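Take a look at the structure set out below.
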Amino acid sequence: MVDVNRFKSMQITLASPNKVRSWSYGEVKKPETINYRTLKPEREGLFDEVIFGPTKDWECACGKYKRIRYKGIICDRCGVEVTRAKVRRERMGHIELKAPVSHIWYFKGIPSRMGLTLDMSPRALEEVIYFAAYVVIDPKDTPLEHKSIMTEREYRERLREYGAGSFVAKMGAEAIQDLLKQVDLEAEIAVLKEELKTATGQKRVKAVRRLDVLDAFYKSGNKPEWMVLNILPVIPPDLRPMVQLDGGRFAASDLNDLYRRVINRNNRLARLLELNAPGIIVQNEKRMLQEAVDALIDNGRRGRPITGPGSRPLKSLSHMLKGKQGRFRQNLLGKRVDFSGRSVIAVGPTLKMYQCGVPREMAIELFKPFVMREIVARDIVQNVKAAKRLVERGDERIWDILEEVIKEHPVLLNRAPTLHRLGIQAFEPVLIDGKALRLHPLVCEAYNADFDGDQMAIHVPLSEEAQAEARILMLAAEHILNPKDGKPVVTPSQDMVLGNYYLTMEEAGREGEGMVFKDMDEAVMALRNGYVHLHTRVGITTDSLAKPWTESQKHKILMTTVGKILFNAIMPEELPYLQEPTNANLTEGVPDKYFLESGKDIKEAIQALELNVPFKKKNLGNIIAEIFKRFRTTETSALLDRLKNLGYHHSTLAGLTVGIADIPVVEDKAEIIEESHKRVEQITKQFRRGMITDDERYNAVTAEWRAAREKLEKRLVANQDPKNPIVMMMDSGARGNISNFSQLAGMRGLMAAPNGRIMELPILSNFREGLSVLEMFFSTHGARKGMTDTALKTADSGYLTRRLVDVAQDVIIREDDCGTDRGLLITSITDGKEMIEPLEERLVGRYTKKSIKHPETGEVLVPADVLVTEDMARQVVNAGVTEVTIRSVLTCNTRHGVCRHCYGINLATGDAVEVGEAVGTIAAQSIGEPGTQLTMRTFHTGGVASSSDITQGLPRVQEIFEARNPKGEAVITEVKGEVTAIEEDASTRTKKVFVKGQTGEGEYVVPFTARMKVEVGDQVSRGAALTEGSIQPKHLLAVRDVLSVETYLLAEVQKVYRSQGVEIGDKHIEVMVRQMIRKVRVMDPGDTDLLMGTLMDITDFTDANRDVVISGGVPATARPVLMGITKASLETNSFLSAASFQETTRVLTDAAIRGKKDHLLGLKENVIIGKIIPAGTGMARYRNLEPQAINEVEIIDEVVVTPEDVESTETLVTE
């Protein structure tokens, strides 16, 4: 076998007949499979042991030679080689076809490769191959045209006319093979190149296509006649097995049926040829052989598929590769693994952040080999077999050994669907009773897990390296930040939030208000004995709290609550005391108003202070982010555990419950609804009188009911009691929002009908009063639509992620600095007046290209090529800078990837990115993972305001990434200049916009109803939109440069996500956009050997040009091409990656003709062939590293030993 990690590339070509013979171990002559009595393979059949190898290890067919000592001997009785049975997975056979047969991929694919090579239409080819027409192969002296087609009757007439033997015409694949042999590639290519200089239109397109195929044959050394088969390979029998089922019946792979058909027809044809049967019978048999081979290669590609029992189409070789169940996606990219288990998850509130609970029974099975090794090592039993019995019996002694074996041996937990890298994390196992895995509550958000019956899978990393990587890179305590936006992903939720909210509440006039404590212990004692309440405002001496006080705050009394003293006790000492939930308090310290000189009246001072709001979920998130910024992961994960414990403890003590009495009643609800009914009545009257249109009436009615609901909501908020449990849950961010509250206490409001339109009849009741039957029925529409939308959205979002991963999987950080001289100019992204993404956020974590100077003083705020921190970014924005040039993925010069400086910070760690990080995959996951949160609907703007519906949500993201023509397209100007006039033309219901510039004048026709973005006298630049709507990116690319298209796409994606409240780092979108504009189309080849019209990678294009320019030739010119992600994935340089994505047969057909080489640069292609992936520690620069001595330590000759030393060593030994 080839060593997988040794070879550099993999090539695919057409197989010549000699190549097929060299693979084969013998010819399959009979259609038999196995003997039904002996169940042994038949001689010369499809499972023959002579050809394919023995069915049992080290044993020939007749049983003369058994055992490994006869290895390599060929039995003289039965002719079978004595070897391992697994050779039946790799040895091939062949069938000598009695008539040539065309390969359906090359004749039927689009475009037909055979047709292009011969310059014949696929229709004509089909007629010839399936014996419906003759083709002239050699006209000799007759006036017949070479390659002309004639029917049987015409053929006979021509024979009569010109005499037998005056010309050669044949039918079937044989004729095509003869024609293919006649093709002179060099001459044809020269002719086509000449033709291209003058050709236009359809003729030109066809010439470019033909040239492409012929050039592929010429350069790859494949011969066109190999597209017709004379010899058919037979794949190894263990790849098309026959398995005996219970009850003596057999289940066989469909391929055996298909091969059997081919052999039967081939043998019959041989017999007919021997008998010199009439031509028409032989012809029919040849056609049937052709059809049998077609079905074997790709059943159903032409005509009706061959079916098995129950009219089920048989699975051919092509089907074995295609689709989710095909070889690529089922077996090569996603394998099932050993050392894994799965179980229901339960919550583990007592676990540390890096731990998970594993049931004992599961652990003993997962760690069985480790336990067995340890049993033998301890001499409990003598051999592995006995150890295995011990484990299976459940001997008492194994549990202690198991405890030791799993110590410091991390396991991986995975929850499907794995939408981003946080879907698999490593934990240290803790043995527990029961049968459910225990999961730490804080990692639930990353997994999107809950405990309503979710299941999770567990995997054991085996090798030392795998364990080290799991511990260092994947431990759950390390995953504090979300890779999509760099914000903490492990924020406390639900009970934890509620507990800390309750803990930090303040109440005026509670028992013990104004007491002063000398330290925390005293405060806690007073609390336990009932002198004070958690919410009581008290004083405590600042000297007793180890916090960073300012000079003026030392030796004072701090006015706070008992709860806040407890809350601050779990915080790191270096963090300011948290007295109020503000950023100022968090970053700068406690405001001075909370401090009092000792001896002053504290009660008075406390009553003068306003009550602070408690700490909510958002505030806890800010605290965690700040602590992460200061102390990194270890301290943060410890703090999170303390926050969790505190939260659970106090939410239990608070004992908050929800009852129907907790839902308040709005006194004047009836009046508000009555008013709205009257307004609706008036609106309907106006409509009946014809004063307003139906659309306007509908909009007014729905607006009126919305207003009524909002009025009720406002009343609720105004009258809410801060100690009401529902209000507390809502306000703290633990669960629920104002909309839930107003449906419980106000009114449910308007509902969506099944078609997505809002119904005019609102639901006037709330859940406390209960709904009427009709209202209940209405509300089911909305609920059902919600469920179906979610289901559809999940599938759509998953498919989007898959396409994104595929297009960017080979984007890896390959070097430190690419040395590019280009940068990206960034400003805040806005939409009209609305801020989408501020400059500050876009700047953090990026390297500057040029230094940033203060606009007024000219002082350098940030030098060039420096990683911008949050503080720097804030300083830049505060100085009034509005645009900055940064290093960007879009302008990076690294081949097959990105450099560290152009990428910037790794959002998941908060540090500069490392070489080897698979940033493409991370980008794809970051964009795909929130896909399910985006809406599905295309918004209808109520018929009046706009001319078109603007797509939003998930469909818009797909539209952008697939570079489709958008719905509601904006008209853009191709001229830079001034809008001179906008004229309305009533007859055609259009408007004309005139733009005058220095280079000329542009006239644009826009629909009458379109909303204009410009007015007369406005200055517009090239590519600016004249009307509202989305710009078509391909159109923009034709008018502007590549960078402006990339910037536009980036801004558009951000608009969709930010409008739905999802934050994604720019760099992820940049990675994707860059992959969409990687290709150029050659317009003029110059002196290069490129072909006109070829689509190629921009790096390959610059290479070809560099070589020509060095030798003094004319370089080629090309035009950038914007491709959708699906197209870009299929056009990737790796045929393995493309074939495993979509359109498998087309990709492989094309790659084989070109003799493509896959250099295995991406992740997918390496996974497919089982090579270590070139990312992370799999990169070449990290392999085979040797430890090096940094500095040598000088060795001291004499050692002085003191008695203390001796004693201490002794005590160590005795311990």
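Just so you know, glycine gets a Cβ as well, placed from its N, Cα and C.
Annotated features, as they stand in Swiss-Prot:
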BINDING   CYS60, CYS62, CYS75, CYS78  Zn(2+) 1 binding site
BINDING   ASP450, ASP452, ASP454  Mg(2+) binding site
BINDING   CYS818, CYS892, CYS899, CYS902  Zn(2+) 2 binding site
Do me a favour and check the Cα-Cα span between CYS60 (Zn(2+) 1 binding site) and CYS818 (Zn(2+) 2 binding site); whole Å is fine. 61
Tell me, by DSSP, whether CYS902 (Zn(2+) 2 binding site) is helix, strand or coil? helix
Hey, what's the Cβ neighbour count for ASP452 (Mg(2+) binding site) at 10 Å? 7
Tell me the coarse DSSP state (helix, strand, coil) of ASP452 (Mg(2+) binding site). coil
How would DSSP class CYS818 (Zn(2+) 2 binding site) in three states? coil
Tell me, how many other CB atoms lie within 10 A of the CB of CYS62 (Zn(2+) 1 binding site), whichever protein chain they belong to? 14
By CA-CA distance, flag whichever of ASP450, CYS818, CYS892, CYS899, CYS902 among the binding-site residues is nearest to CYS75 (Zn(2+) 1 binding site). CYS899
Top of the binding-site residues ASP450, ASP454 by count of other CB atoms within 10 A is ASP454
Here the 10 Å Cβ neighbour count for CYS75 (Zn(2+) 1 binding site) comes out at 20
Restricting to the same chain and to sequence separations of six or more, state which residues have a Cβ under 8 Å from that of CYS902 (Zn(2+) 2 binding site). CYS818, THR820, TYR847, ARG887, SER888, VAL889, THR891, CYS892, THR894
Counting only residues outside CYS818, CYS892, CYS899, CYS902 in the same chain, those with C-beta within 8 angstroms of the Zn(2+) 2 site's C-beta centroid are GLU815, ASP817, THR820, ARG887, VAL889, THR891, ASN893, THR894, VAL898, ARG900, HIS901, TYR903
Of the binding-site residues CYS78, ASP450, ASP452, which one has its Cα closest to the Cα of CYS899 (Zn(2+) 2 binding site)? ASP450
What DSSP gives for CYS78 (Zn(2+) 1 binding site), in three states, is coil
Residues sitting within 8 A of the centre of the CYS60, CYS62, CYS75, CYS78 CB atoms (Zn(2+) 1 site), not counting those, run ALA61, GLY63, LYS64, TYR65, ASP76, ARG77, GLY79, VAL80
Once near-sequence residues are set aside, which residues in the chain of CYS78 (Zn(2+) 1 binding site), 6 or more away, have Cβ atoms under 8 Å from its Cβ? GLU49, VAL50, CYS60, ALA61, CYS62, LYS64
Got a sec? Which of these binding-site residues, CYS818, CYS899, has the most Cβ atoms within 10 Å? CYS899
Additional residues around Mg(2+), ordered along the sequence, whose Cβ is within 8 Å of the centroid of ASP450, ASP452, ASP454: ILE345, ALA449, PHE451, GLY453
Around CYS60 (Zn(2+) 1 binding site), how many other CB atoms lie within 10 A of its CB? 24
